[in-house]
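Listed in TrEMBL:
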type     : residues           : note
DOMAIN   : 1-243              : domain 'Deacetylase sirtuin-type'
ACT_SITE : 116                : active site, proton acceptor
BINDING  : 124, 127, 145, 148 : Zn(2+) binding site
Ligand code: APR
């Protein structure tokens, strides 16, 4: 299977990757679903946009624990690094990611479409000033804007919030152009992100899925299911490609 998918990727003309939380599990970032999933410990309502507006303090308590205590120490793993190498060598054209952990950029990927935004920036909801999350004192929550006193919100998408238009457009454009999509570590449960691989499939792409478990994609659109963890699978595939 590794040999076969390596050949498919090597012979592709427009290969993209679509990543979910599973690609970052080996970097120590917990997924959202499954037995170690964040949503087993926190109510997803805490990340509902209307809840954030009504209870910014409570919402920020959970946001800080989930996203800022964890992510600041996470490093890219072999899967992120393998995708960055494939891009450097002109094989991979883009990564569409649902993740907000910045690990694709940290690994050196350049063409990354962040479908759900990024946790590294906070934005003032009144004057739109952006802050680097590392420079904001999150001991005082909810954090407020130094300029206007407005409420700061992480620059990632909450439930009920629109997808960043540029990332949306670029992701679906890439999906339509792709002849191969490497889907890594996603349950395929969240709309509209999970439509990206589906649109690619409908446009004739071959779908390679890397996931130790089955997902919503597996029996619908997946052509090759590599039932392995992301880092070991991608490292084996890249080794095969450069063999
Ligand atoms: N390697 C590859 N895949 C893995 C690994 C691993 N080491 N560990 C777990 N997985 C797989 C799981 O089998 C599961 O299919 O990763 C997937 C994680 O699923 P989710 O946590 O649902 O992640 P994702 O699909 O990205 O969630 C989509 O949900 O809460 C929202 O906005 C949030 O972007 C997120 C969206």
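The backbone N, Cα and C atoms fix where each Cβ goes, and this holds for glycine too.
Sparsest Cβ environment among the binding-site residues 127, 145 (other Cβ atoms counted within 10 Å): 127. Following the DSSP three-state reduction, the secondary structure of residue 124 (Zn(2+) binding site) is strand. Among the binding-site residues 124, 148, the residue whose Cβ has the fewest other Cβ atoms within 10 Å is 148. Taking the mean position of the Cβ atoms of 124, 127, 145, 148 as the Zn(2+) site, the remaining residues of that chain whose Cβ falls within 8 Å of it are 125, 126, 128, 129, 146, 147, 149, 150, 152. Checked against ligand 1, the recorded positions 116, 124, 127, 145, 148 give 116 as the ones with a Cβ under 6 Å from it, listed in sequence order. Annotation for residue 116 (active site, proton acceptor): same-chain Cβ neighbours under 8 Å, separated by at least 6 residues, are 98, 99, 100, 156, 157, 163, 193. Under the three-state DSSP scheme, the residue listed as 'active site, proton acceptor' falls in the coil class. Taken together, the residues of the domain 'Deacetylase sirtuin-type' (1-243) have an average pLDDT of 96.
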